Each structure stands twice: as structure tokens, then as C-alpha cells.
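Per Swiss-Prot, ATP binding site is recorded for Gly69, Pro70, Glu71, Ser72, Ser73, Gly74, Lys75, Thr76.
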Amino acid sequence: MAAITNNPDKEKALGLVLNQIERNFGKGSIMRLGDAARMRVETISSGSLTLDLALGGGLPQGRIIEIYGPESSGKTTLALHAIAEVQKAGGVAAFVDAEHALDPNYSNALGVDIDNLLVAQPDTGESALEIVDQLVRSAAVDIVVIDSVAALVPRAEIEGEMGDTQVGLQARLMSKALRKIAGNIGKSGCVVIFLNQLRQKIGVTYGSPEVTTGGNALKFYASVRLDIRRIQTLKKGSEGEYGIRAKVKVAKNKVAPPFRIAEFDIIFGKGISRMGCMLDLAEQTDVVNRKGAWYSYNGENISQGRDNAVKYLEDNPEVADTIERQVREKLELGSLNFAISQTDDNEEE
């Protein structure tokens, strides 16, 4: 093999070809991987601080994200919180409601500015994905949510008879659309969130029988895949059920370590409990101490029981702000791993 030498003529030729590529295909079409702008991945908050930590900072901009899980596990709630966070920062959000099930009142309760939220309710999967592509190409939208992949019905299936067998139509539709959309997403910096449902594979003896809809293309194109599950129903005495405890596993993450887990409360009619997340992190960082059922702060007992501790923080915003500031200081100084449990899995299922 011939020796590789550092020839000035090669550097000159490289500079010329890079300039030619940028003239032909636009600035940023080719760059060195170590460029500062290339290495930095900006993020937006998911609406849950514990999940932001598990993600390594939040939902990455300019990437495709898939949120999947069983019914009533919090998929849409999580997506709406992400929309609310973008709008609070002055961004533009769009919601492609393929299921035709978006509730304006619930969205408003979660902090979504429904007056400025762009909503599309397409009849076919082709129309929905074309709308997404045009929104992303405009570079004027900061986040697009598609609810859901299972509802992206191909036009041929809608126009056909109910009993017709249409093999692989949706998978081919998703594969073609993602090939087209993926590059534009990276250039625009838009966050594109696909919500997905689970199905059961028949005759599976070993491994999980669960599979997401829409084929395998989304699994490959997504930079982040979040598996959200309901693990507990929250009850309060005679009042009955008032929420659920959700667990999110980061099944795939191309911008931070994967397989981390975050848990948070979702309160019916209110969404993710911000104070619940804060209390969990405050306990893990030793800002708030717990002995038995009692929670204490600065050596003084503040409440008995977790629900009462959350209510105390809600009723005392000044104390909550102080605790949040102390928690954030500790998170910036220390490792994030203490706030995130790790799974035993070493590969994506």
C-alpha cells in the first residue's frame, strides 16, 4: 500500500471541491464532523424534567421521534406537553390529527395555545404525510406531531372494498414518505413526533409478541424511540382514581445513551405533574429528605405522604421555586445517572 502523505496540492484540491459542492447544493451540504455547529444538538423540553434527563437534555431538534405504547398510556399527553413547551418559547406547532380525536379542551388544560396551534385532519395517509413534508420544508414550523401512524390509511385501502386484502401498503407508504421527509427535517431543525400503537404478533413463543404498526422504516429513521407504559393507577381515598403513573423507556437514542427510564405522574385533566417530577428529583438529589412516609426540607417536616408533599409544593410556589433551583444546581454539577434508572436490556427489542 502506498504511503499517505500530507500533500499541499491535495489540500488545495479538497478546498476547491468543497467550494464547488457548496455552490451546487447549498451551504452546509458538506462539512467536517467536528465542526462546533454540527456537534451541538439543540433540544426542547418534553414537559417532564425526569424524562428530559433520561433523554440527555430533552427532545432533539431536527430529528424524528417515535412515541409508542398501549392505549391510554399517555402518548398524546406527552406530545401535547412538548407542543406546549415549544409554544412557550415562541415557536410554531402543528398537529396532524389522523385519528380525528384531538380534544381542544384537554389540550388547553395542558398549556397548549389552541388559538395558534395548526391542526390538520387529513382523510388519507398520503395527504397526511404530504402535509408533514410541506410543513417541514417551509422551515417555519418548530414541531409537528402525527397522531397516529396506525391511522395513516393508504388511499387504495380507503377506496377499496372492506374485505380486500392489501398487503404491506402502509409499510411501503411510510418507507417512501420517510425517505423523502428525513433529509428536510435535518435541514429545518423541526421536531417531528410520530405517535404509534402496538399490535400482537400471532404464534410468538420466544421474545415479545408486541410490534408497532407501519413496518420497520420508522424504527430506522427515528433518532429517539420512547416506549411509554402505565404502571400504576393513582387513587385517593373516597375520591377514587385521579391519575396514572407512567414509565418511559428510551428504547433508542442516537444523541445520548439509550435504555434509560423515567417515571412521572399524569393527572386526569391536568397532564404531567410538574411538582411530582420535581419532588422525585429533589428526593434523589437529597434536597428533600424522606424518612418513612414523612418528607422534610431544611430539617423541617413538610408533609406526610407523597400526595401531600406534592400538594405542599403546589400551595407554596416560593418554596417550590427554591427547591427547583437547588435541584437544577445539583444536576448541573453532578452526573445525571443518579436520576435515571437503567434497564438490563442491552439491545432494542
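Each Cβ is built from the backbone N, Cα and C atoms, and glycine gets one as well.
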Statement: Thr76 (ATP binding site), DSSP three-state class -> helix
- request: Give the number of CB atoms, excluding that of Glu71 (ATP binding site) itself, located within 10 Å of its CB.
  value: 8
Query: Which chain-mates of Ser72 (ATP binding site) that are at least 6 residues away have a CB under 8 A from its CB, listed by sequence?
result: Arg230, Ile244
Query: Which residues, in sequence order, are found in the same chain with Cβ within 8 Å of the centroid defined by the Cβ atoms of Gly69, Pro70, Glu71, Ser72, Ser73, Gly74, Lys75, Thr76 at the ATP site, excluding those residues themselves?
result: Ile228, Arg230
Query: What three-state class does DSSP give Glu71 (ATP binding site)?
result: coil
- request: Report the same-chain neighbours of Pro70 (ATP binding site): residues 6+ apart in sequence with Cβ closer than 8 Å to its Cβ, ordered by sequence.
  value: Leu198, Arg229, Arg230
Local Cβ density at Gly69 (ATP binding site) - other Cβ atoms counted within 10 Å: 24
- line: Around the Cβ of Ser73 (ATP binding site), other Cβ atoms found within 10 Å total 22
